[in-house]
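Working notes, beginning with the structure itself.
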Amino acid sequence: MNELAITVIGPDRTGIVAEVSEALAGVGANLSDSTMTRLRGHFAMTLICTGAAAEDVEKALAPLQGVLTTVRAVAPEADADVAGEPYLVSVHGADRLGIVAAVTRVVAAAGGNITDLTTRLTGPLYVLIAEVDVPAGRADDLAAQLAVAAQELGVEVTLRRAESDVL
Amino acid sequence: MSDALADWKPDVLGVEGKVLPVVTAPAGVLSSEGAEVDPADPAVVQLAADLVATMRVSPGCVGLAAPQVGVGAQVFVVDVTEHPKTVTAHGTFVLCNARVVEASRWRPGREGCMSVPDLTGDVKRAGRVVVEAVLPGTGEPVRLTTDAFEARALQHEIDHCAGKLFLDRVAGAHAIYQRKVYL
């Protein structure tokens, strides 16, 4: 079955998630994975849905006030095989242009696959936290490369293992 | 009382454990409070042996609670002896009707669960606990003080017996993750 990739973004207000998810349920669109968060006062929703046609979802979302929406049919994708070990990258420092670009380029060059990333700018402080699958045996190299990049950017960076324990 | 635990071995149950299928969420039994048990009940003794047997055949498994094999009862097995994060360890043991009576040194950690096979989550757990329980078979009361990974495992299993999953305790909306390869 085809999946729909849906984004909704608008000024944050009480009830925005309820309205969007009711509209989706109303046309039989079943939310599978989603992430929804507030970004500088905008509420941003990124969702994968199944079970409805793109046109129906567009129509259902159209009446929502003040929000930008996109709806696209996409082919289902399997989760990629995990080819590495889970790590967390933390970066913080004075905001400047290009921190995310430089850090993520270093991660990619080491074969690291970013699975989740959040940035926050608060006053002068810029913070980036990323979950990265790092190929086995490459973590020390990556840490060294990140340290070089951090030095150039004038920010602090740490790479640490995000191990989980099965109980 | 703790000596009882030091001397405890699964052999003392005196019955052969059967390997049971592990139940995964969503399943009502995982979200229902387990019943307190009579530790001398032969069915409880058998369950204790079955939990040990099922844990033993599950790679990397350091603990298993009755609801995870479909039984709504306050019984679980723990064995963290081989785990690298273990500090204090009491070997393999099965406890019935366990309660955390003291908890301190709260620390975050990322944990997964055989009953929630595709996710992990960040959960704060006490790094030092005192647990009171009774042993299966004899019903002998035990008071167990432990720390680090054994403390985390005990809290995770006691939660199972109360119908709680780690998902009920994750630290935030962004604190669950697709499970990575872990063995």
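Including glycine, each Cβ sits where the backbone N, Cα and C put it.
Here the structure is a predicted model, which means the values were calculated and not measured.
These features come from TrEMBL:
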- B:Glu157: active site (ACT_SITE)
- B:Cys113, B:His156, B:His160: Fe cation binding site (BINDING)
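Annotated features, which come from TrEMBL, shown on the structure.
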| residue | record | Cβ contacts under 8 Å, 6 or more apart |
| --- | --- | --- |
| B:Cys113 | Fe cation binding site | B:His156, B:Leu165, B:Phe166 |
| B:Glu157 | active site | B:Gly63, B:Leu64, B:Ala65, B:Phe76, B:Val77, B:Val78, B:Ala98 |
| B:His160 | Fe cation binding site | B:Leu30, B:Gly34, B:Ala65, B:Ala66, B:Pro67, B:Gln68, B:Phe76, B:Ser115 |
